[in-house]
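Report on the structure given below.
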Amino acid sequence: MKLLPKILAHSIDHNQHIEESRQLLSYALIHPATSLEDRSALAMWLNHLEDRTSTSFGSQNRGRSDSVDYGQTHYYHQRQNSEDKLNGWQNSRDSGICISASNWQDKSLGCENGHVPLYSSSSVPATINTIGTSTSTILSGQAHHSPLKRSVSLTPPMNVPNQPLGHGWMSHEDLRARGPQCLPSDHAPLSPQSSVASSGSGGSEHLEDQTTARNTFQEEGSGMKDVPAWLKSLRLHKYAALFSQMTYEEMMALTECQLEAQNVTKGARHKIVISIQKLKERQNLLKSLERDIIEGGSLRIPLQELHQMILTPIKAYSSPSTTPEVRRREPLLMESPSPDCKDSAATVTSATASASAGASGGLQPPQLSSCDGELAVAPLPEGDLPGQFTRVMGKVCTQLLVSRPDEENISSYLQLLDKCLVHEAFTETQKKRLLSWKQQVQKLFRSFPRKTLLDISGYRQQRNRGFGQSNSLPTASSVGSGMGRRNPRQYQIASRNVPSARLGLLGTSGFVSSNQRHTAANPTIMKQGRQNLWFANPGGSNSVPSRTHSSVQKTRSLPVHTSPQNMLMFQQPEFQLPVTEPDINNRLESLCLSMTEHALGDGVDRTSTI
């Protein structure tokens, strides 16, 4: 460390090995064995303008005239910065640096003795850092230390396009040839994080490129808005930045070779290509769903497929052979407005009641109704995914209007309509048609009695739980505890929980004893339903079952003491399993009323066995 200052002083005084001395000094600054004091002393050779008149510079045999000249130059440089408010980048560089260069060339220690790169690199960082941070104040002597210390860990041979005259690493002929234009005009301004011998400008340019880059996810009508969610569902969302630079057509034409060129891993490449192939097959899938719906199949699977498809990227269809004006008129020509659909809504709704009453599951293929009659006139062109989607939605609407009401399907269809109405791929005509279908289905949904919907939900609960369980019937505690008050409403509410479509006759052990358990009637013994209903004898005799029955399935005969009058009462033909839904509801209410009357009658004449 004692030898290094002598070498540097000799190199500067004799203008020899300037570049090698600079590299040696930079290596010494970044060497881990260099102490903090040594680093501070070595840094003065490169950067401290204020300390030029100090003892360290005096020991290097520097002339006092250079210090005076530097002081005047530095003052002029600061004055120019303060007057211009640092708004003129070129002016601040020319006024501060080039004048100092011309003054230095006039002195005995001119540009040839190596002082230009040494001195200029000390004054410019303050100016550049001031511009980068958009401040109009001149940094003090202490403020000049921060860029110097940041530059300690950087390697010297790097090209520094952002460092004015600190490209003192350039040849002196280049400096003289540039004259008043000491810096090339294409240099980018330094960012606040940049420093001497830094390549930070590359990072800032990269950020600027990213901000100005195209992002198709945010473009209207690009069809790419749903790509991030689609990639996330495939667990490939880390490649979203790659897709954001593509158009819809480029994405659909992606190949494994193109993805490999973008450094996409093999597994992800394969998954992306397969997923794009599925996107290409969506129109054929919609045609297949349309055929299934027309043939009267279940709507649940098509609705699930449509829900998954609406989340994938879909672009509005535009015919390549037509002008934009014709494209706007084409939907109006192909799809006429649907006043017939609205006018015939009442007809379809009225036909729905009779159709629902006669339909029990398997449906005949429906005639083309007002919902999809217009859409089936002409085949849709290849690639018209929104049009094909709208056609399938019309088929689903027709099936919902003429088939047995299903709350889940209707709710799922309405949710799907809401997604379509806000999707950018559908035309205004298609959205008007979808809105018309939504109004029809909502009207049909509101026309159903709530009791029917409760029965349907009860039927689903019973189907999910299975048979032979006691969850769907009133428990002994709920019914037996209410018997003391003789509240008829309790029996009516309890009876409504019984599923209507799989109605078995009620086991009434709850009306007889609070210890006895209830189970639903098994379909295998529904023919013996008359044996599953036990009532207290209205005639007044104390007819109690001879033993406690834990399960209805174990009971294949009536209790011993059941009277013949009870048997005759349940042998009426009206108590057979009804066929239609309204009859089920009416007869279920009649059964509940009959049960309530018997229970209240036993309580009045005090002959009840409960």
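Placed from the backbone N, Cα and C atoms, the Cβ positions cover glycine too.
For the residues S54, S67, S199, Swiss-Prot attaches the annotation phosphoserine to S67, which does not rule out the feature elsewhere. Per Swiss-Prot, the residue from the list S35, S201, S472, S514 bearing the note phosphoserine is S472. Here the candidates are T155, T323, and Swiss-Prot annotates T323 as phosphothreonine. In summary, of the candidate residues S146, S319, the record from Swiss-Prot lists phosphoserine for S319, whereas the others have no such entry there. Swiss-Prot tags one of the stretches 80-103, 464-487 as region 'Disordered', and that stretch is 464-487. In terms of DSSP secondary structure, the domain 'SAM' (222-295) contains 53 helix, 0 strand, 21 coil.
Using a 10 Å Cβ-Cβ cutoff, S319 (phosphoserine) registers 12 neighbours.
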